[in-house]
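Report on the structure given below.
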Amino acid sequence: MAMDISTADKERSIIDSPEELDAGALFVLQSRGSWMHCGYHLTTSIVGPVIFSLPFALALLGWAPGVVCVALAALVTFYAYNLLSVVLEHHAQQGKRLLRFRDMARHILGPGWGKFFVGPLQFAICYGAVIACTLLGGQSLKFIYLPYQPNGRMQLYQFIIIFSTMPLILAQMPSFHSLRHVNLVSLVLCLAYSTCVTAGSIYIGKSKDAPVKDYSIDGSQLNRVFGAFNGISIISTTFGSGIIPEIQATIAPPVKGKMFKGLCICYGVIISTFFSVAISGYWAFGNQSKGTILSNFMGDEKPLLPNWFLLMTNIFTLMQSMAITVIYLQPTNEVFEKWFANPKMDQFSVRNILPRLIFRSLSVITATTFAAMLPFFGDIMALFGAFGCIPLDFILPMVFYNVTFKPSKHSIVFWGNTLIAVVSSGLVAVGAVASVRQIIIDAKTYSLFANV
């Protein structure tokens, strides 16, 4: 008991010493949350409409390899995120609580790793996710609009601008911790739309208008190989987070054991959503599964589901996209607070509120502009996923653990971590090549502000 009190006091002394923290850590990464709040944040950072691409990934891999890859990605990421948590807890107990991914890299691997590799990589991935979610939100609005106005003249970029008004407001919420209730609603929404997509796929698969179920993999041998690696990259990106240390930073000390409970909440949701959407979608549409299952629902000539059902599914998707957009703005917000806020003044003083309002608004406006200009951003995100999500979520946790705890080179832990890191590094290279190849193939269809 005395040891626990001492550890808790050590951790609190770090959090309660404003002079040791910059404004980004002090204002945005406030350590006031519980393990349940952590579970809400984790779920929102991982479970999103990107799971609608899982049937397409299975179409690239086939039944057995596809399901095995989804299961392996779930196991490896749960293990990797738990390793990150254990490393963070260890340093907190040593009196050095690390609040950001780049802080971990700098403290464990050296200053250059945090400044020139992990920091820029995390920033690119998170801001890329903001752009992608803004684009997805605009597409969801368009899906809601088209069944009622099939000859409507509104363009995709207009829907993107309309969608961005809500993230523009939510972006002003002062800290990561202040999003806890938003992320609880987000958790409920992802369960809701996953249920809708699963039910819709089963309904279509059993209806008289059901598409022919063909589970063969199309294309030449070369295309199938590249397609398989592209499918693995999609699955890996789907399980990515990239902000695990920042989420753990929101937990009130002592942190020991709380992140594991939060991960259990998150992966309970993951198991009930990822597998149901992937399996039901691929079962219904086979190798005709499109990049997002919602496109399959719209049919070639007419929607395959009632308009009210599509409307409900898209509203759930639209609302959760707002929460994901805001959670991935947090690393950007933290950097802006560090650069422009004064940690010696009150968080809600005019001196700190004004730059917060200006720079967070500019961040959302810039993301909206990119989303409207580049409606083919999904191809670019696949490349980002290969270069960013896999290193941050599959490789670095293994490296951090081995460097911090130095397990015996004869132990299963050391070689298991090394194997995961090496295989993941190979996936980065091959996934990047497959993503670039897909961008080249699709380049002829690209145009700025396209109405897709």
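Numbers here mean position along the shown chain, with the first residue as 1.
Just so you know, glycine gets a Cβ as well, placed from its N, Cα and C.
TrEMBL has this to say about the protein:
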type	residues	note
DOMAIN	32-433	domain 'Amino acid transporter transmembrane'
TRANSMEM	40-64	transmembrane segment
TRANSMEM	70-92	transmembrane segment
TRANSMEM	113-137	transmembrane segment
TRANSMEM	157-177	transmembrane segment
TRANSMEM	184-205	transmembrane segment
TRANSMEM	225-244	transmembrane segment
TRANSMEM	265-285	transmembrane segment
TRANSMEM	305-329	transmembrane segment
TRANSMEM	357-374	transmembrane segment
TRANSMEM	380-400	transmembrane segment
TRANSMEM	412-434	transmembrane segment
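Using a Cβ-Cβ cut-off under 8 Å and counting only residues 6 or more beyond its ends in the same chain, the transmembrane segment (265-285) has close neighbours at 36, 39-40, 42-43, 46-47, 51-52, 54-55, 57-59, 63, 66-67, 70, 74, 78, 187, 190-191, 194-195, 197-198, 201-202, 204-205, 210-211, 213, 215, 238-239, 293, 296. If you look at the transmembrane segment (184-205), the same-chain residues 6 or more away from its ends with a CB under 8 A from one of its CBs are 39-40, 43-44, 47-49, 51-52, 55, 211, 213, 269, 272-273, 276-277, 280-281, 283-285, 293-294, 296-297, 304-305, 309, 312-313, 316-317, 319-320, 323-324. In terms of C-beta pairs under 8 Å, the stretch of 40-64, 157-177, 305-329, 357-374, 412-434 lying closest in packing to the transmembrane segment (225-244) is 40-64. For the transmembrane segment (40-64), the partner stretch with the highest count of Cβ pairs under 8 angstroms, out of 157-177, 305-329, 357-374, 412-434, is 305-329. Long-range Cβ contacts of the transmembrane segment (357-374) within its own chain (Cβ-Cβ under 8 Å, at least 6 residues beyond either end) map to 127, 130-132, 134-135, 138, 156-157, 160-161, 164, 167-168, 171-172, 325, 329, 332-333, 336, 340, 380, 448-449.
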